[in-house]
């Protein structure tokens, strides 16, 4: 969307602020606290309204007046989580508000009972073993009202949630879209819909209302679907449209950078967020993942202590502590805290995935598999869980399973070199060398973060006696390693130099062979071979000298490697 179009859409920020204030009130009355919080944070980012601009209270109907006492009483019980009691006093009420709270109380009562049944179980349960018993009754009642056209935006949202919980996903999507059209400003409905959108084609096929909140939804969806460039553009447009102070947007941009592994940028944004909102707990588990990857133990320790002081019974706090113990290699303690997080919220995606990683560290593959499967059950778009399953089956030496799970991870992250290298290794184990070559070359083409793809490709060519291709890959590998400016820990430069030395020697390019042999002498594991090659070269020095070239300069026409087509596989995906 062009900036001009967005600005016209967001031109009247005063009107948007009024809408947000109104929907905050509506959500609070119905106990939809997360949606109220989201709208409140967004409203706070906009300038305050003068007294005469504040929106009026919503109209009060005769039915509202009749149900007022029962609703006030029931809402006080609801706020104290006495859901059955709230539902009892709302039974028979006629107003839309009271009907929603009545049905929502029954739904939450069922959820609470379900959680109570599962709370003592540490191991993942089979899907569907424990269900919210109220769901089927609620579906029957809401379905009748739906057919009669008697559901408002809020009750349509609740109907969608019930359908989703019963795994009636197609119907749930339709109902959530209907709920959004009926009440576009209810963020909860958009969020529920986002959990059911599986790919960009499905997203494009949805008929969504043309409202400013749609841009927030699209940015969120782009992040979820790993379309990070588009997500960042959307969020930048929203900032320019007037939401520059929004902590929600800053956190979402930080998450987007986390997803593309731009760790420094993500850390800077999270630190900015902590300055603006020091008591914030939302997204702090993602912040801790970044600190973990960077090995910033003191920072992670400070964050964990800080969150414990704020609220130690939050899911994010447990995940942060889990990451802290994991960084200290105390994997049993880490797993314990991820289990605590899951007791607080069994649908916490990050905790399932991280717990899988801990079980992997403890060599408990069956528990790791269960944890990763649960993560996928919560969100099929979680590439980390698919990748984790692939790694687990790799340990179990089951390459066909590996291939399946790595393929799934690759579909979700088509430009992530780690997925492609893992796929290549699986194909190699299954003796599918052509496919393996494609994967390794593609991994190098998209930007190999671990600098392993070319090395693996070179070794594969070497095994297949494709010496020209192997030499070219080793050459590219050496250039790649030295262009980083730092010697990577896993770098196998000596392996490449040894092969290139022998390759040039066989092709009678003695200057180049000599240069490789001399460089081999810099590495302990290749020193003897380098010296032996130098002796061989000196014995045949009477032959015609070939013009020398800088081995580590970028490849050009006069570089002494036979110009073989460098695996024209860029356009292929495995």
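Any Cβ shown, glycine's included, is placed from N, Cα and C.
What TrEMBL says about this protein:
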- 15-254: domain 'Cdc23' (DOMAIN)
- 247-280: repeat 'TPR' (REPEAT)
- 315-348: repeat 'TPR' (REPEAT)
- 349-382: repeat 'TPR' (REPEAT)
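Proximity of distant same-chain residues to the repeat 'TPR' (349-382), defined by a Cβ-Cβ separation under 8 Å and at least 6 residues beyond the stretch ends, is recorded for 123-124, 127, 195, 198, 224-226, 285-286, 289, 315, 318-319, 322-323, 326, 329, 331-332, 334-335, 338-339, 341-342, 388-389, 391-392, 395-396, 412.
Beyond the repeat 'TPR' (315-348), the same-chain residues lying 6 or more positions past its ends with a Cβ under 8 Å from any Cβ of the stretch are 115, 118-119, 122, 281-285, 287-289, 291-292, 295, 297, 300-301, 303-304, 307-308, 354-355, 357-359, 361-362, 378. Across the repeat 'TPR' (315-348), DSSP classifies residues as 27 helix, 0 strand, 7 coil. Counted with DSSP, the repeat 'TPR' (247-280) comes out as 27 helix, 0 strand, 7 coil.
Look at the repeat 'TPR' (349-382): DSSP puts its residues at 27 helix, 0 strand, 7 coil. Mean model confidence for the repeat 'TPR' (247-280) is a pLDDT of 93.
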